[in-house]
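Taken verbatim from TrEMBL:
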| type | residues | note |
| --- | --- | --- |
| TRANSMEM | A:76-97 | transmembrane segment |
| TRANSMEM | A:104-123 | transmembrane segment |
| TRANSMEM | A:135-156 | transmembrane segment |
| TRANSMEM | A:168-191 | transmembrane segment |
| TRANSMEM | A:211-233 | transmembrane segment |
| TRANSMEM | A:260-288 | transmembrane segment |
| TRANSMEM | A:300-320 | transmembrane segment |
| TRANSMEM | A:327-348 | transmembrane segment |
């Protein structure tokens, strides 16, 4: 109990960083090894080391290295980027909303993306052929990203009071826009045929199946920007816990902070959703898990939520691929099935501590 | 240090402050007293830069308040507001350290840690330092925020402290301790303005009192100058007896109390209808 231990890394936070990092490395190696075609872990490790110029002389089955290089590695990297984006954005959104029930979806990101995605899936062949010719394979991702951006922009605009975003108005506007987009998505689902309906449903449950190095490269700048950008705001985000006025009195500019958080979260989550579909749970519960493990200081919560988000999604994707071989389950189902009991376990274990 | 000229604040056709003028010098502890809704909190918010006045001018160290950036203000002026709901599970020490945020960029320095330790000690919260603030009682939480606000200007002897009912939830020991801290800091050069409801507490510690009602400043002076029966009645509509405490030699007021009969204001109790109950409510 020394003052040196507050704010900066405590033993508790270091332990949780190191544990999560080790688990993450393990999860990535396992997710490269396990799957429809099992690859021995030794070959996975050698193949990874060869990518950084080590063990060049050790021979690895070409089929194995091909599967790793072209299929599993981009998918694993995609999982890391998307999971980290969802986790860190969720933590930051909860901080500016001063509400533990907030998550990136609350500002309309997911609902807007779903609506446009459903629209494109159902009517691409009939109404949007021109776009389809122009953007080809990327049309769905681009459309979902625009939908995410547009919905968030709308929520943000509605929430402005005297030119400043008003948080409780934003919460209500978000709920309204979510309901509206949900209704429209429902309408499209109703109009869609069997096959399209299946595609829409699967898209809304999320999947890393579309991962390739191209999609990873498109996603990378958004994720990196957010993962570096949000932790720079951890001091003002801590001050937000006292209230916006108090943050202002401590010399911060709350309006600027809110704008930046919403912008960065929308970029990362919008881009992630565009590539993978909706992946629930991580943005909401990962930051809570992190706070229970190591406290509420955002200097820890933000990076640790990125780490735990990446870990959760990697494990979830691994399970999604292997539990029902040769079929693949939607990842949203796994994140909720896997995460909820774990989260409830921590919640029940720490219940007494929270109340007293 | 702070001077206020003709300050008026109007919001939605309601005028909360009307042409208020005064100045507070460095080294002065001034208590702001007044009826509910008199505009005391509004005044604190305007002085802290939280709200912009409709007209009039506020100067801090001879420079107009609006010319300061939020950060420039934050390093020399600390405000303690009435609301203290911390939304996340921060520990007491983490909350107090937030008071040092304006003073460092990424990591607190040794002086910041020392400040936090000293303010926690003087506010009597060192024992709770590692506990989540949400687990403390209302009065204890208020002491944590007091420590945080003090930490913000701890190393600035020319600093300004604006306190809005800082002791509202505290027990009598900490009410006095808080005012004693504020007085000691004022005596070393700080400029302190605090809203209080306890007139005797104010009279005991403050160099000067400002009495407000309906958005106006009614009286301004030392406790012995302005605390008399007429002034108290004009602000609080209460009869009081004013004495000089023979032990402390400070001005004390003894409110004479009110007396009501329940049937006078509750038509369900008794036969008399509740009219004219205002007429004879004061016992004397």
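Yeah, the Cβs are placed from backbone N, Cα and C, and that goes for glycine too.
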Is the transmembrane segment (A:260-288) in contact with the transmembrane segment (A:327-348), using three or more Cβ pairs under 8 angstroms as the rule and ignoring pairs under 6 apart in sequence?
yes
What else in the chain is close to the transmembrane segment (A:211-233), if you only count residues 6 or more beyond its ends and a Cβ gap under 8 Å?
70, 74-75, 77-79, 81-82, 84-85, 88-89, 91-92, 141, 257, 260-261, 264-265, 267-268, 270-272, 275, 298-299, 302-303, 306
Long-range Cβ neighbours of the transmembrane segment (A:168-191) (under 8 Å; 6 or more residues past either end):
97, 99, 102, 105-108, 111-112, 114-115, 118-119, 122-123, 151, 154-156, 158-159, 161, 197, 200-201, 204
Maximum Cβ pairs under 8 Å to the transmembrane segment (A:260-288) - stretch from the list A:76-97, A:104-123, A:135-156:
A:76-97
For the transmembrane segment (A:104-123), I need the partner stretch with the highest count of C-beta pairs below 8 angstroms, choosing only from A:76-97, A:135-156, A:300-320.
A:135-156
Which residues, given as numbers and ranges, are at least 6 beyond the ends of the transmembrane segment (A:300-320) yet have a Cβ under 8 Å from it?
9, 13, 16-17, 20-21, 23-24, 27-28, 30-31, 34, 75-76, 79-88, 90-92, 95, 207-208, 227, 230-231, 234, 237, 279, 281-283, 286-287, 289-291, 293-294, 328-331, 333-335, 338-339
